């Protein structure tokens, strides 16, 4: 079944008090419109059709959409029905039109699929939900037998109709050829003088097209944002929904209200997330990983059994199995920590590989380094990688011991099982099995 997703993104969003169009405001680090686009593309054989308004050029340049997407512009804002008309020319023959909104980012792909299936080739299906304070929403009008007769907008509702608590989300699905016929019958005889998409429900009944209302269990999926306060609420709703999905899969989250997921995050069962953690970009966390409070993790893969201590910052890194990092460590970009390695408090690792079982537990900087397995990097060690013009490499072979407060002036190689005496400034290669001392001789001078 072909699905044509019509995404209405023409709203100005004046109440956002922002130079950005409303659909480019962000939830979880991603534009509202991008959320809707990405979710719609999870549907099989789905082609997006985006209807833009003011700042169309900026919106189109700011989101990522497949090449087969179509873009149209609603020059005059004459209502949702008029907006949908702008996309009709791009719809494919025999498709189901799924009408979505660029400022309603939390609708699940499963919900979209259910709506499309309910519509099929012959029906109009709309998404409804219960709202105990329904002011501002279109009310679902049903017959005494429960049949959907139409939708009445707030501006046009009678006092009796305003008491109805089943409301319209605005999201609907219908065969594209039937949608085109219904849109021809729209009129703007209402208080706003607009062409309401919701009037297609009444027209469908007149044309003997069955109308189905698919009622959601949770309204959070279909809430939008018209101002910054509502945008903040959308952010929290997104984070709570995401946290709940992880909990269902066996992830332990200390407080779902105090964790942020801002990207494509995958976490395996048995792992635990403490408070105030932030995950950004593409993050993969294995089984039985412990993430301490305040950790920030970006575009990183963490292996099974690893432990991230509090307030550790990790970006663009790979941590293999049973790695310990932190507290207060800075790992990445382009860091690779092999299994059973340890990077401790106030250690920075950048553009470097740390071998199996290697330890750098205190106050060290490892930049542009290739550190083999079972190396000990003492407290205060600096890989001096920059000469004022170029970044240079430091290579440390297996089993080497770097004494505390040492400076390794790159480019340099430290041989296997060699030892660097504490406080040394090492400027040339150290052969295997040697002790290197590169410090001033101590002199004890008698006081006068």
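First residue shown is number 1, and so on along the chain.
Placement of Cβ uses the backbone N, Cα and C atoms for every residue, glycine included.
Where the annotation comes from TrEMBL, it is an automatic prediction and has not been curated.
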From 372, 422, 432, the one annotated by TrEMBL with 379, 385, 386, 404, 439 for acetyl-CoA: 422
Among 226, 385, 404, which are binding-site residues, the residue with the most C-beta atoms within 10 angstroms of its C-beta: 385
Protein Cβ atoms within 10 Å of residue 362 (active site, proton acceptor), excluding its own: 15
Residue 362 (active site, proton acceptor) versus residue 385 (acetyl-CoA binding site) - Cα distance in angstrom: 19
Candidates 379, 422: member of the binding-site residues with the richest Cβ shell (10 Å): 379
